[in-house]
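Participant: One structure follows; several queries about it will come next.
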Amino acid sequence: MRVHNAPIIEAANGRTPSRPPVWFMRQAGRSLPEYRQAREGIDMLDSCFMPELLAEITLQPVRRHDVDAAILFSDIVVPLKAAGVGVNIVPGRGPVMDAPIRTAADVGALPILDTDIPEVAQGISIVLDELTPQQAMIGFVGAPFTLASYLVEGGPSKNHEKTKALMHSEPDTWHRLMERLTPTIVAFLGQQVDAGIDAMQLFDSWAGYLNEPDYREFVLPYSTQILESVAGKIPRIHFGVGTGELLTAMSEAGSEVMGVDYRVSMADAAKRVKTRVLQGNLDPALLFAGDDAVRAAVARIKAETAGLDGHIWNLGHGVLPTTDAEAITRAVAIIHEEG
Ligand code: 1CP
């Protein structure tokens, strides 16, 4: 193991860390002037296949904010792109597909990733050379529901209605789609593990749009397979937005750590999950509210997580692009001092 007593890994494994571990989703990205400069004139998805650049962007927030982990700069659609799916990331919008996947024939033709993505492995290796043994490198993949939503809708969606329509009108096609997506996700995750990541997060950002029976029937088996594929290798974090009502079901997928958004209290989340370690819960908008507001939220979350085996500090969703970078640095310092 490259890491030695890294606070995030200690907390994920239920041991006492040397300081309260913190990283922020979307800590790399538009909140940082150095990111905007590094990415200038370079297409978002292209940047995910440029080892030096992706490593530099991954490391920027670690240097600036003193967070306890680097999160791989990539995107949930990178393995689809590498498999040959026509996808672009449109500035200000997100992933947009050349052709949506809506029929059994579309699903049958969806390519499965069967090659290495050497650029990502090289990027991870550059990052690992720069990190101290106390700083963990977190890799990630998108979960099949969230990825399927982009594929079926054709792009970002507010209500995910075409995705849910496919699920309920053609359940066999839905399951075939999940069965074709899962090996691509497992392959990309395996490549990150082989490249040396210290922990992983499964992002099922849009799972919170589902009710629990649908989640259990149409999604949980596949997310379970993905998490199982790296069981015993690295700590696993499982996260979705607006998933207060799904926490019990999601925690059955098998991660060591459950990510919690900001809509549910950590006290309630702890009662709902099978895991003994939670992550998250600070409202990203609090980074606009001043240090006292952050301090108050940190005190609340600290009290609510006191009885757990571990807590990894994070926001309830990603850093908002217009967040002041200095407010992020101060929030990290407040967590290290008072968390
Ligand atoms: O122009 C830009 O700067 C592009 C914005 C951007 C960035 C910085 C996109 C497009 N992706 C990313 C990087 C990214 N994507 C990371 C970086 C690592 C970090 O956290 O610092 C991660 C973890 C992702 C994963 C991702 N992509 C998720 C899951 C995380 C989440 O925020 O819920 C999702 C849903 C996506 C899709 C996506 N990619 C980009 C955007 C703007 C979106 C969301 C679009 C939508 O609202 O549907």
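Backbone N, Cα and C atoms are what each Cβ position is placed from, and that goes for glycine too.
What TrEMBL shows for this protein is this:
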- 21-30: domain 'Uroporphyrinogen decarboxylase (URO-D)' (DOMAIN)
- Arg26, Gln27, Ala28, Gly29, Arg30, Asp75, Tyr150, Ser205, His317: substrate binding site (BINDING)
- Asp75: site 'Transition state stabilizer' (SITE)
- 138-154: domain 'Uroporphyrinogen decarboxylase (URO-D)' (DOMAIN)
Participant: Per-residue pLDDT averaged over the domain 'Uroporphyrinogen decarboxylase (URO-D)' (21-30) comes to what?
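Facilitator: Per the prediction, mean pLDDT sits at 97 for the domain 'Uroporphyrinogen decarboxylase (URO-D)' (21-30).
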Participant: What does the structure give for the C-alpha distance between Arg26 (substrate binding site) and Asp75 (site 'Transition state stabilizer')? Integer Å is fine.
Facilitator: 11
Participant: Quick one: pull the CA-CA distance for Ala28 (substrate binding site) versus Asp75 (site 'Transition state stabilizer'), whole Å only.
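Facilitator: Distance between the two Cα atoms comes out at 12 Å.
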Participant: What is the separation, in Å, between the Cα atoms of Asp75 (site 'Transition state stabilizer') and Arg30 (substrate binding site)?
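Facilitator: Roughly 14 Å, rounded to the nearest whole number.
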Participant: Near His317 (substrate binding site), which residues of its own chain have a C-beta under 8 A away, given they sit six or more steps off in sequence?
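Facilitator: Non-local contacts for His317 (substrate binding site): Met25, Ser205, Val241, Asp261, Tyr262, Pro284.
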Participant: Give me the non-local Cβ neighbours of Arg30 (substrate binding site): same chain, 6+ apart in sequence, Cβ-Cβ under 8 Å, ordered along the sequence.
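Facilitator: Spatial neighbours, sequence-distant, of Arg30 (substrate binding site): Arg36, Pro321, Thr322.
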